[in-house]
Amino acid sequence: TAPGATAGMSEQNTPSSDQALYQAPPSVRGMTVLDREAFTQTVTVPALLVPTGLVNRALKSLKKLTLQRPGVKRVVEEEGCGETHKLVLLDPRVSSLDAIAGTGLQDLGVASEIRHFALRLTYDNLRSEEVLRAVLPDGHDVTSGFSRVGHIAHMNLRDHQLPYRNLIGQVIMDKNPGVTCVVNKTNSIDSTYRHFSMELLAGEDNMVAKVRENGLLYEFDFSRVYWNPRLSTEHERIVSQLRREDVVVDVFAGVGPFAVPAARRGCAVFANDLNPESFRWLQHNSRINKVTDKVTAFNLDGRDFIRGPVRDLLPDLLRAKTSVHVVMNLPALAIDFLDSFRGLLAHEPGVGVACEGTLPRVHCYSFSKDDAPQRDVVRRAAASLGAELDGVCSVHMVRNVAPNKEMLCVSFTLPKEVVFSDTHPSSGEKHTHFLRFTLYHTIFIYKAL
């Protein structure tokens, strides 16, 4: 037997009435401080007496009919048999020899009867769902799911689960190797800095996570920045569209899940985030992945970034026929920032002739609760941009965020009539544009070209 599971004596012809295997003691119901010993219980499981030399063959033949239980060995000693026979523990639903008919074991000399074995189960042998179902009030939802971010397990507990939150956190940490910190979200994502408040449920108060995604390492303070482990595939999808000589403009870069892999691909990347913590970790992740020569980071509002550094960068890139991708991954608000492209290059009328076919490709993310989410995001993007997008854009369904809430990415080439329209920036923007130009111009052209 494995540590935490103690085998008892086998009994012949003892009926098994415990089809669910484990029935939690009533005393654990309502527990708020975890008492592991309170979950110990002896249960009866069916077993087959198998000659020692046939044990491996029996395990292969029985496949899913054997007992599957954390920390419990499927093969145990049978008292009085010495080394000649072993007991193979079976799934509790196996109640007769009919279940093993066709396996060929009886023809090999396996005993033609189901024995029953007293198995001592402890807390270590229980699954997290079993523990929580035993503790929470009968009929209440059991939450054992979480997002894993390095050593941190992030949960979204419901109101009725909050009285048990510390116990839930301890159980999640116990049952998931490598998890040393469990937190619960306490509010919605902050639209400004894209992070949410959280409380520590169990473990160490260490929020600096180390995460590997698509072969790259990221480090960040999870409590102060935004990171979603479910977006790995989407990050890879966008980056796979890039070529080595492309330029990437990441308006809401976070800690770099688009920017860093794009730079590793060989692109020149201009990445921005308003959150000072995201900006700091973006620079850090560029360093540890050895792409600082490819990433220029900014700590600006998204609209200021587009109307400032991006506006200064684009003319030379368009003249050089450079392919530019603009990533706008702030689903709650990104569409509202599309109006920043109106008249962006009105001060560069000569560029419009040279840039035919090379205007930036925008990848803008959004949430939608509409019954027709694809149509909805295209309509809203067009309204913000001030140009028709039907038939000239593509929409990718990223993920289902919640019931009736989808995350989508609408991709399109910036319309020429938008970028070079007569929508001029304000007089204040005109004044600061000249001052910014000299500062950014040399850096941009050196890294982009």
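Including glycine, each Cβ sits where the backbone N, Cα and C put it.
The Cβ neighbour count for H235 (S-adenosyl-L-methionine binding site), using a 10 Å radius and every protein chain shown, is 22. Annotated S-adenosyl-L-methionine binding site per TrEMBL: H235, D273, L274, D301, G302, N329, in sequence order.
The annotation compositional bias 'Polar residues' is assigned in TrEMBL to 9-20.
The average per-residue pLDDT of the prediction over the domain 'SAM-dependent methyltransferase TRM5/TYW2-type' (146-416) is 93, rounded to a whole number. Annotated domain 'SAM-dependent methyltransferase TRM5/TYW2-type' per TrEMBL: 146-416, in sequence order.
The region 'Disordered' annotation in TrEMBL covers 1-21.
Same-chain residues at least 6 positions away in sequence with a Cβ under 8 Å from that of D301 (S-adenosyl-L-methionine binding site) are, in sequence order, L274. The maximum pairwise C-alpha distance among H235, D273, L274, D301, G302, N329, the residues recorded as binding S-adenosyl-L-methionine, is 22 Å.
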